[in-house]
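**Q** Below are the features I grabbed from TrEMBL:
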DOMAIN    23-309  domain 'ABC transmembrane type-1'
DOMAIN    343-560  domain 'ABC transporter'
TRANSMEM  20-47  transmembrane segment
TRANSMEM  59-75  transmembrane segment
TRANSMEM  136-159  transmembrane segment
TRANSMEM  165-184  transmembrane segment
TRANSMEM  252-274  transmembrane segment
TRANSMEM  286-307  transmembrane segment
Ligand SMILES: Nc1ncnc2c1ncn2[C@@H]1O[C@H](COP(=O)(O)OP(=O)(O)OP(=O)(O)O)[C@@H](O)[C@H]1O
């Protein structure tokens with residue numbers, strides 16, 4: 001609960017830029033509630049007054065009250081419309097900004113973030129957790145503040161007529177504001193937490209299922225996975241049902257308290273009217289006033305029911321926002337730009353966790369600008385780790401890596417990305433056109449440049465034969481392209497970027513001889529004049545580099561020159 005409140009305070013701070021919208025929405029909400037209470041109380045007084053006038057000798061002027069009733073009805077409707085507009089505008093603006101805020105914090109975590117969070121879980125945080133934060137203002141903050149302000153005004157107004165009725169309403173409202181919502185909160189908190197966790201597990205399972213559909217079918221595990229997803233779906237529905245039940249019971253209890261308070265008011269006021277100490281129409285007015293006052297607190301049980309889910313969602317968002325990035329980019333003021341592109345690693349050691357074995361130990365390697373080196377080593381020797389270190393996706397514990405004599409840690413993220421291109425075994429292609437996938441590497445490239453890059457990558461003819469050419473959609477993770485074609489799209493991207501250092505991670509792995517030959521031909525052109533590190537097991541690929549080094553736990557020794 002304490003962390004929940006802290007997270008809520010933090011959320012409130014994020015709302016600061018929209019405070020005008022927030023305050024405006026709350027003010028309009030108060031107008032709606034107070035106009036409604038006034039409308040009901042006045043109508044009660046007016047109808048009772050008219051009825052009594054019909055029965056007895058006294059007359060009643062109905063113009064002013066009738067006009068006031070109409071005015072209040074229009075005010076209530078207009079304010080309700082405005083309130084919905086303003087509160088939703090505030091929420092949507094906030095959510096849009098929150099997504100950007102979240103991405104800005106997620107990005108520096110880099111690929112290392114995937115060690116701690118699964119892809120589906122991250123997706124759930126970005127999508128459903130952020131979405132469920134719309135509860136915060138619409139269903140929690142605004143109703144609670146409205147309830148507080150309006151309850152005070154309503155009870156103070158009642159006190160002008162009758163202190164005992166005001167006291168009764170105050171007690172009943174406190175019951176509805178504090179006791180019932182707290183009871184609801186107690187039951188809803190666990191349901192809310194469960195809801196967020198199950199939703200995330202379901203998102204992860206659904207993402208895994210779609211990604212691994214092929215493997216699931218081949219291994220005959222589809223039915224088991226399907227049953228798991230269905231089970232999570234049912235648990236999600238059960239948790240949602242529980243949360244709704246708790247909220248609904250709270251609402252019903254608060255309605256019951258409201259009705260009992262109205263009856264209580266009648267019991268208190270009837271003797272006064274009977275004794276002639278209070279005009280008759282005030283009986284109906286006060287009773288309806290008390291009944292209407294519960295409109296102010298009616299949304300609170302739902303607000304408290306939503307608290308658990310919203311607090312859990314906020315916790316999950318802040319957990320990522322507060323995570324320490326695996327690497328720190330240097331301050332712009334001290335960032336340096338390498339003047340040339342030789343690459344040196346000196347006694348570099350890295351382990352993924354303090355308690356783990358070294359993934360790379362005392363590794364040294366030196367490449368002159370334009371030189372190409374092949375890296376070999378048994379599985380788990382640390383070759384991919386080494387490439388990750390050069391790309392600055394991970395921090396290393398000791399040693400030094402320099403580009404053009406500049407410590408890697410002093411090079412800005414932007415400069416580093418411009419300096420290094422990567423072609424890997426797994427090329428991520430987005431479910432978009434070939435053009436869009438290429439433009440990622442150079443957003444302002446003309447069609448001529450794209451065609452030239454494809455030509456250099458040996459893909460131009462095949463793309464021209466597609467009916468839609470550059471506009472051909474590559475399908476989910478590039479499924480409409482062959483493995484070799486996807487690899488050559490990555491090479492075309494590298495041609496477009498024209499970075500001076502090239503990292504090739506098993507670029508021919510899994511290709512047949514024909515595809516391998518085409519990829520290698522393209523790579524041969526790409527490597528021209530570039531400082532290149534090539535990780536590969538394949539002699540045909542290694543034939544393209546100047547020398548080969550072995551990566552292993554023992555200190556470096558040269559295996560072939
Ligand atoms: N994200 C990670 N978290 C923890 N340990 C890791 C992680 N990635 C790799 N390792 C460990 O670091 C060591 C080196 O792994 P790395 O992937 O760099 O080897 P590799 O030489 O590229 O192997 P392969 O040829 O099989 O790809 C291995 O012991 C591996 O288990």
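Every residue, even glycine, has its Cβ placed from backbone N, Cα and C.
Bear in mind that TrEMBL entries carry predicted annotations, made automatically and left uncurated.
Each of the listed features needs to be described in terms of its position in the shown structure.
**A** Long-range contacts of the transmembrane segment (20-47) within its own chain (CB-CB distance under 8 A, at least 6 residues past either end) are made by residues 62, 65-66, 68-69, 72-73, 75-76, 79-80, 82-83, 86-87, 89-90, 93, 137, 141-143, 145-146, 149-150, 153-154, 281-282, 284-289, 291-293, 295-296.
Among residues of the same chain six or more beyond the transmembrane segment (136-159), those with a C-beta under 8 A of the stretch's C-beta atoms are 8, 11-12, 15, 22, 25-26, 29-30, 33-34, 37, 87-88, 90-91, 94, 165-166, 169-170, 173, 177, 286, 289-290, 293, 296-297, 299-300, 302-303, 306-307, 310, 314.
Away from its own ends, the transmembrane segment (165-184) comes close to residues 147-148, 151, 154-156, 158-159, 246-247, 249-250, 253-254, 257-258, 260-261, 264-265, 268-269, 286, 289-290, 293-294, 296-297, 300-301, 303-305 of its chain (Cβ-Cβ under 8 Å, at least six residues beyond either end).
Panel annotation: around the transmembrane segment (286-307), residues 4, 33, 36-37, 39-41, 43-44, 135, 139-140, 143-144, 146-147, 150-151, 154-155, 157-158, 161-162, 165, 168-169, 172-173, 176-177, 180-182, 184-185, 188-189, 191-192, 243-244, 246-247, 249-251, 253-255, 257-259, 261-262, 264-266, 269 of the same chain, lying at least six beyond its termini, place a Cβ under 8 Å from a Cβ of the stretch.
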